[in-house]
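Per TrEMBL, the features are as follows:
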BINDING   B:ASN13, B:PHE14, B:LYS15, B:ILE150, B:GLY185, B:ALA206, B:SER207  substrate binding site
ACT_SITE  B:HIS97  active site, electrophile
ACT_SITE  B:GLU145  active site, proton acceptor
4 protein chains.
Amino acid sequence: MNEIKETPIVILNFKTYLESTGENALKLAKSSEMVAEETGVNIMVAPQYTDIYRIAREVDIPVLAQHIDTIDAGGHTGSILPECVKEAGAVGTLINHSERRVELFEIDAAIKKADSLGLSTVVCTNNIETSSAAATLNPDFVAIEPPELIGSGIPVSKAEPEIVEKTVESIHNINPKVRVLCGAGISTGDDLKAAIDLGSEGVLLASGIILADDPKKALLDLVSKI
Amino acid sequence: MNEIKETPIVILNFKTYLESTGENALKLAKSSEMVAEETGVNIMVAPQYTDIYRIAREVDIPVLAQHIDTIDAGGHTGSILPECVKEAGAVGTLINHSERRVELFEIDAAIKKADSLGLSTVVCTNNIETSSAAATLNPDFVAIEPPELIGSGIPVSKAEPEIVEKTVESIHNINPKVRVLCGAGISTGDDLKAAIDLGSEGVLLASGIILADDPKKALLDLVSKI
Amino acid sequence: MNEIKETPIVILNFKTYLESTGENALKLAKSSEMVAEETGVNIMVAPQYTDIYRIAREVDIPVLAQHIDTIDAGGHTGSILPECVKEAGAVGTLINHSERRVELFEIDAAIKKADSLGLSTVVCTNNIETSSAAATLNPDFVAIEPPELIGSGIPVSKAEPEIVEKTVESIHNINPKVRVLCGAGISTGDDLKAAIDLGSEGVLLASGIILADDPKKALLDLVSKI
Amino acid sequence: MNEIKETPIVILNFKTYLESTGENALKLAKSSEMVAEETGVNIMVAPQYTDIYRIAREVDIPVLAQHIDTIDAGGHTGSILPECVKEAGAVGTLINHSERRVELFEIDAAIKKADSLGLSTVVCTNNIETSSAAATLNPDFVAIEPPELIGSGIPVSKAEPEIVEKTVESIHNINPKVRVLCGAGISTGDDLKAAIDLGSEGVLLASGIILADDPKKALLDLVSKI
C-alpha cells in the first residue's frame, strides 16, 4: 500500500447511517476531501459498498470497503467479491470491524486476497491480545477499538491511554511493519492529538463526525491540534 | 410493485462471477436491456451491490439487489442497508437465495422492510414446503430452486416438473397473490417454455447465461420459444 | 409424537442459567416431575445438551433438546447431532428459539430429520406471520414468543392476547394438526390460564420459574388455575 | 492445566460420527483409556457435548469439549455454556476447530473464560500464520491442521512436514509456553512418530481411529513407534 504514507491517518467509517448513505455519502466524502486538501491530513473514507463507485469517481482521497468476503469469483450470491470492490474504486478495506467480525482464518485469507489485489488492509481489533494476533497476519494497519467505547463519545485515547500504548508496543514487538490506529469515542482535535501522542498513527472514527451538525467543521476540528 | 406486471419474467442473477463484475456487469445489463426491448420479455438484473448504482443509471430495466440486511440505519459496518440499495437505484431484492440463506424471522422482516420502501421482493426457496412457508409471508415472488440443480445445466423444469407444478399449486392455495418463478439449471428457450407451461411466471437464472460464450445470444435463445 | 397428548403442556426451557445447569438442572427436573405427578399437567423440560443424559435417566417426564443441527453423522465437530441427543434420552427438540434462530430451510430440514428419528418438534416463532410459515412445515408444535416480552415478566397472554388468538387461528387455517403454545413473560397461574383461554394448548417458559426463589412452588402456582 | 504434562499427547476428536455417539462413544473412550494405561501415552477424548457426562464418569482419562460458546450464564438457549461442560466433567476444550471456526475475538474470549474455569485450551488452526496468531492469545495448545488433509488419510506429518516444523518454530518464537500439536490425515504409528520428530508434542485425530475396523487396535498401532 504505497499510496498511504503520510500521517496522521484519519479513516472515516460511514457505517450504515442515513447521514452517510447515497447523496449524503457523496457530500460527506467531498467534505472529507476538502479538509484533506486544506490541512494535508491523510483522510480516507469507508462508505457502504453501494456508494463506493460514485464516491471513488468524484473524490480524490482513498476509498475503503467496510468488509470483503474471502471468496473467489463464482456462485456466491449476496457476497462481497474483493475484485468487485476494487474495480469500483476501493484501494483498501476494513477487515473484522467489531460490527462485522470474521473468523480468524478469514482475517488471514482476506489479508492475502487483498494483498494479491493491491488493496490495503485495516484489521480492526478489540483489545491488546487480538491486536497482537492480528499483527502476526501482516496487515497494513491494525485499528484497535475497545467495543465498549464505540459510539460512546468517550475517547479511547483519554479513557484507556494505556491500552493504546501497550497495543502499539505489543504490535511492534511482533511485526514492526504494521501501523497502528486507534478508535472508539474519537471526535475532537484533542482526541486525535492524544492518539498520536500515544504512538498510534491515526484514528478510525464514525459517529463523532457523521452525526455532527456540521461534519466538515467537525473534521476540521478533529485535525486542528496536529 | 406495480412496475413488474408483464410476463414472462426473467431475473438474471449476476452472482459474483468476474464475467458479471464491474464493466462486465454493465455490459451484461445492457445486453439484457437490448433483449428486453427487442422481445418485450420482462428481464431484470441482480448485480453485486457495488454495481447497482452505475447499472441503474445506464439501463432502463429493473435492477434488484442480491440480498438486503434487516437492519435499521445506524452502526452496522459492512451490512447492506435497504435504504442504500434503494437510493442506488434498486427496485427490489432477492431474499434468502440458497447461497445467502437467512433465518425465518429475517425473511419476514426483510419483506416488511422492503414493502415499506417500495422494493419488490423475490424470496428464494429450496422445495415445496419452504415455498409454502415463504408464501405465508406475502412476498411479491417466490422463486423455487432445488439446490442440487443450481449450476448443473439440468433444468428444473425438465428434471423435476412436478416440483414446479406442485409449488405453484401449494403457493396459490396459501396466497394467490404470490407469483411463482422457478430456477436451477435453466438456460434454453425450451427450459423457459417448460417453466411457463408448468404454471410459473418466469425464471431466475445465472450461469447458463453469464458464462455463455455470447450472453446476449443466450438470452435471445432463452426467450425465443414464448 | 404420540406420547405428548395431554394438555395443558408446560415446556420449561432451562436455557443456560447456572440455576439450571448440572446438579441444579437435575434438581429442577425432579421438581418438574413431582409437580407433573401431583397435578397431572404435562410438564416437559429442555435442559442443556450436556445435561440431557443424566436427566433423562433420572426423571420420567419428557426431555427435549434446546436445538439440533441439521447434519448427518460425520465430520461436524462441535455440532449437535440429532441422533446423539436422541440416544441420550431426548424425545423431542426446540427448533428456532429466538436465542438460537436458524434459516428457513433448516427449520424444514430439522423437522424432517426429527420426524425420521421419532423426535417431537417445537418450532419457536416471533409473530403471527412466522408462526403461519412454520405451520406449513408440519411440526408437532409452534410456540409463539414475541421477543420483546421474553424475560420481561410481562405475560404475552395478557399483554398481547390478540396475538395468541390470531396465531392459533392462522395456524389452524393452514394446518389443523399443529398444536399451538405461547411464551414470553409467563410465570403465574393466571398467565397460563389466560394462555389456555386464548386457544393455546400450553406455554413455553424459562426465567419466571428457573429464577424463582422456590421453582417448585412457582411451578405449582403456574398450574394452579387450570 | 497441570494434569496434562506427559507427552506425546493424542487427542481423539469424536466429531459427530455414529461410531462415536452414545454407547459407541463410551466404548471408544474405554478403549482409549485401556491403551493409555497399557502404553503410558497421554490420550484424551473429545466426545459430543451430550456424551461428556457419562464418559467423564466412566473413564479416567481427560475429556475435552469440542467447542464452548463465549457466553455468560443466562438466556442463551441452545448455546454451550463453559460452566456446564465443566460440571459435566470436561477438563478442557477444543476451540476453533476447522469444522467449528469462531471469530478472532471469540478465540481470545474463550481462552480467557476457560482459564478462569481451569479448563485447558486447544486452539485449532489451519496454517502457520493463524497458528502464530493463536499463540499470541496464550492457549495451552495450538493444533495445526491443514484443512485440505483432514479426513484425507494423507498425514500432515509426511505430506507437509515443513508446515509442522515452521509452525513449531513460529509459535515458540512468539510464545514458548504454547505446546504444539498437529493433525489431519494422521492414523498410523509412523505418522505420530513423524509428528513428534518434527517438534510437535502430539496429534489431534479422528476418522483414522474412529472409522477403523478395530479402533483399539488402531490406537495401539498409532502409539507403537514412540
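Numbering starts at 1 and runs along the chain as it is shown here.
A Cβ is built for glycine as well, from the same backbone N, Cα and C atoms used for every other residue.
Features recorded in TrEMBL, as mapped to the structure shown.
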{"residue": "B:ASN13", "record": "substrate binding site", "Cβ contacts under 8 Å, 6 or more apart": "B:ALA46, B:GLN66, B:LEU94, B:HIS97, B:LEU204, B:LEU205, B:ALA206"}
{"residue": "B:PHE14", "record": "substrate binding site", "Cβ contacts under 8 Å, 6 or more apart": "B:SER20, B:THR21, B:ALA25, B:LEU28, B:VAL45, B:ALA46, B:PRO47, B:GLN48, B:ASP51, B:GLN66, B:ALA206, B:ILE210"}
{"residue": "B:LYS15", "record": "substrate binding site", "Cβ contacts under 8 Å, 6 or more apart": "B:GLN66, B:GLU99, B:ALA206, B:SER207, B:ILE210"}
{"residue": "B:GLU145", "record": "active site, proton acceptor", "Cβ contacts under 8 Å, 6 or more apart": "B:SER98, B:CYS124, B:THR125, B:ASN126, B:VAL156, B:CYS182, B:GLY183, B:ALA184, B:LEU204"}
{"residue": "B:ILE150", "record": "substrate binding site", "Cβ contacts under 8 Å, 6 or more apart": "B:SER98, B:GLY183, B:ALA184, B:GLY185"}
Chain A neighbours, restricted to the recorded positions B:ASN13, B:LYS15, B:GLU145, B:GLY185, by C-beta under 8 angstroms: B:ASN13, B:LYS15
Cβ atoms near B:ALA206 (substrate binding site) (within 10 Å, other residues, all chains): 26
Annotated substrate contacts B:ASN13, B:PHE14, B:LYS15, B:ILE150, B:GLY185, B:ALA206, B:SER207, maximal Cα-Cα distance (Å, integer): 15
Number of other Cβ atoms within 10 Å of the Cβ of B:SER207 (substrate binding site) across all protein chains: 21
DSSP state at B:GLY185 (substrate binding site), helix/strand/coil: coil
Cβ neighbour count within 10 Å of B:HIS97 (active site, electrophile): 28
Other CB atoms, at most 10 A from the CB of B:GLY185 (substrate binding site): 26
